[in-house]
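Per TrEMBL, the features are as follows:
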- 4-296: domain 'Protein kinase' (DOMAIN)
- I10, G11, R12, G13, G14, M15, G16, E17, V18, K33: ATP binding site (BINDING)
- D138: active site, proton acceptor (ACT_SITE)
Amino acid sequence: MQRYELISLIGRGGMGEVYLAYDKACSRRVALKKIREDLSENPQLIKRFLREAKIAADLIHPGIVPVYSICNDGEIVYYTMPYIEGFSLKKLLKSVWQKEILSKELEEKTSVKAFLPIFDKICATVEYIHSKGVLHRDLKPDNILLGLFGEVVIVDWGAAIFKHAKELQPEKEGEGFSIFDEENICYSSMTIPGKIVGTPDYMAPESLLGAGTSEKTDIYSLGLILYQMLTLAFPYRRKKGRKPPYRDVVLSPIEMAPYRKIPPALSQIAMKAIAVDPAERFSSVQELRKVLQPYFQGEPEWTTRSILATKNREYWKYYEPILLSYYFPVLASSSAQWYNFMLSDTEVSPSIRVECSVAKSSIQEGFGIFFSPSKEEFYCDYGLWFSAQQEQLSVSLLKNGIEIRKESQSFIPQQSRFTFSIERADNKITVFVDQTLFILHIDYLPSLGKHIGVIIRDFQGISDIILLENIGALCMSCLSVPDTFLAKKLYDQAASSYRKIRDSFSGRKEGCEAQFRLGMTLLTQIEELGGDLTQALSAFDDLHGEAGGPLEYLGKAVVYQRKGSFVEEIRCLLLALKRYSQHPEIFRIEDYLCFRLYDSLHKHRSEALVFMLIILWIAPEKISIREEERFLQVLHHKQQATLFCRIDKAPLQFRSSKMELFLSFWTGFALFLPELFQRAGDLRDYQAIADIFYVVCASGNQEAFSQFSEALASFADEVIFPESLHNQRVSELVLFVKGLAALQNKEYGRAKKFILSAPFTLQLYVLDLFSLRAFIYEEVEPFEDLLQDIYSRATQEERRQVLFYRIQVSLWNRDRKQAYKLLNKSFLQNKRKEESSEDLVLWGYYLALTGDQAAVKAHFSRCQCKFGKSALVGKCIEDDSLNYLEGLVWWEKKMILFQSYFLLRCLNVSPQQYEEYRQAYISMEKSFFG
């Protein structure tokens, strides 16, 4: 022992004591285990102690602490091992016993999801030792060490034995004894030397009755550990003299802890592992691990529940023809279409995935999959209707027989089959076709559909239907009863039940979820009655500061969304993201954002771009590569109409800072601009900084402009990079910013000096920004002066790029001859290109100079289909309500207001008529939340 210096006692077991010691020879800390002094004279226990050390030394596995050395010098018997910093599983379990409220950190550490990987490592270690012919015989939380760096190791091999070895018997009967401590939960946490080897609470019934040991005795102990992990409780307490309990007095994990998210199948696995009859347990740890494998993947996985043979009536509860137009008139293409309807005999769980493939020929007249409550109400709840016609695949989402959403995409003519996947889980319905997301829908009202219904005309082209369950979500919930009330629109009963659950689980996750659903119940009830939806906000106020965290803001966001208050909805979502970024429930905010993105993409494009920006910022992984391509197509025309995108010839990447800036520009959403500026500054990407200044000035955000100008000045002199590294030099960028500041202060001479010293690209930015300000505030002369100076210094190619602004000035000055000349020059310049919306508007201005309103209206109406939003400029001639601007993206709306104002000026109408548009434009010179 001279080599080791004992520092402190770590723990005491049935035979030994473990110390933290310092190894002087190796200059390291070790764990030293020696036999207890009160047992050091017992030869039988010394043999057992040495056998423990030898078994541990022979086993090599990450879940077993290796043995450095074994010493038996006749006086002191000990062995040494690596010292692992950490705590026992028992300590972790004990930290939550009899506690009503857990801290966020402790709740996460003791969740079922957190425990399962630990249990897998324990099982892997036991599977290994069984393969080496060793039985541990004292598996319990006290002997499971959890290291600070993810280690999970089994310790204390004092009771271990080789499978076929004979147990060492005590020399004297009196050497066996039992320990009972009233303060402890079980007999003792120590192995009982002598008569009983192991800890009674964790011993299999047959071992307590004196029968032999086997792998199944270790499996029983593993089952008890799993039970405790699932429930945070012990299934029973054995008392002295009592017979072993039988299964009928042991509650299942779900019954023991109904508030824990325990999948029923996992509960059954634990009960099988602790079966009283060894024959009913798992045959091996390998078998136990195999059935548990899907649970060890972190995120829950889909596993096959059953396969429904579409051509075999045995799988279907009902199988009969129906008249489609009677139940779904919106779907039927004729009034006399009969379809085959089947309703599955199998009931499905709330979390279900349906997969099948269908030939194109079989769905040309439609094919439906429904989540049906019953035969009589098969059309109630949710359903999907698929149809393929004229190289277009359409997917309709139905609820209660009404089409609430429809998406369509083209497919190649050669495609002969489609693969469908429909997921219903966690308030979401997700539809994939050939692995492409078609529909994402969120509904906080519970679903009643317990059967799968199928409607199709031709069964020949449909495969068998595979039903998969989300095993990580198959948990019984105390919320199921009020959920059923809510789904059936029994709002008062649902609210009453939710309140009871909230009060029963006050401050806990279950109580918060009940309060959230109570708020959704009240919101739905008020909405049906046509009342003031903001009355439901108070229900979500009660979640403030509770364990539910983000649910307060999620509920309020839903209220404002249904009320049509988009800005308030965004405020709530951003508050949740800011305050609860690390909260385990934050994924629900992210899911809601994704739902709103896809939902608004076809309804309110302006809202969709804001959601796209937020998702790119906080959870870009939520958008797949396929969806990226789709979104880039949606944004293509806006990209062409954005100056800083046209100047940069490189394609706009979806996951990039430039895309975030692009979306900020079009939406007027300036919240992320400071971070984008900081990112560009850190990279010394001066072109990106120039783009940011352009966006800030275009939005009229004076505060951000001042803040960024000061930041630019502070780091401009810090590091000088070679010119070749950046498109813009920092000195040129400083001149550009000084020029913009001088323009804002109307110091036009000073501004011209700075701007003319900057490169042409930055001069073009200034012209674009200055033109808007000059015409809106009717200060065109300084702009015309700057334009002429830039034009005179420009190359031939650069002059082409400023032609647009020269045409604007000619039109403003009502110089029809010059305007016509320049317009024809522009036309010849772009004759090989597709006509742009800018050309459309400029020619409209020119026609307006003639005073012929009919010609102007005809011009814009003729181009309406081709140019979309730009064609709205002509609306100002006959509609001064501005209602037609609703739904436009922020920058689109701003440009339509400017162009309408300019057009009316060219028409020479009364100032009162165009002043409305000018003032509306000026009112938008603020940030998104201005």
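Glycine is no exception: its Cβ is also placed from the backbone N, Cα and C atoms.
Projection of TrEMBL feature records onto the structure.
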residue	record	DSSP class
I10	ATP binding site	strand
G16	ATP binding site	strand
D138	active site, proton acceptor	coil
Shell list (ATP; ref centroid = CB of I10, G11, R12, G13, G14, M15, G16, E17, V18, K33; cutoff 8 A): R36, D156
Reported mean pLDDT - the domain 'Protein kinase' (4-296): 80
Cβ neighbours of V18 (ATP binding site) where a neighbour is any other Cβ within 10 Å: 19
D138 (active site, proton acceptor) and I10 (ATP binding site), Cα-Cα, nearest whole angstrom: 19
CB contacts for R12 (ATP binding site) [other CB atoms within 10 A, all chains]: 12
Closest of R12, G14, G16, V18 to D138 (active site, proton acceptor), Cα positions, binding-site residues only: G14
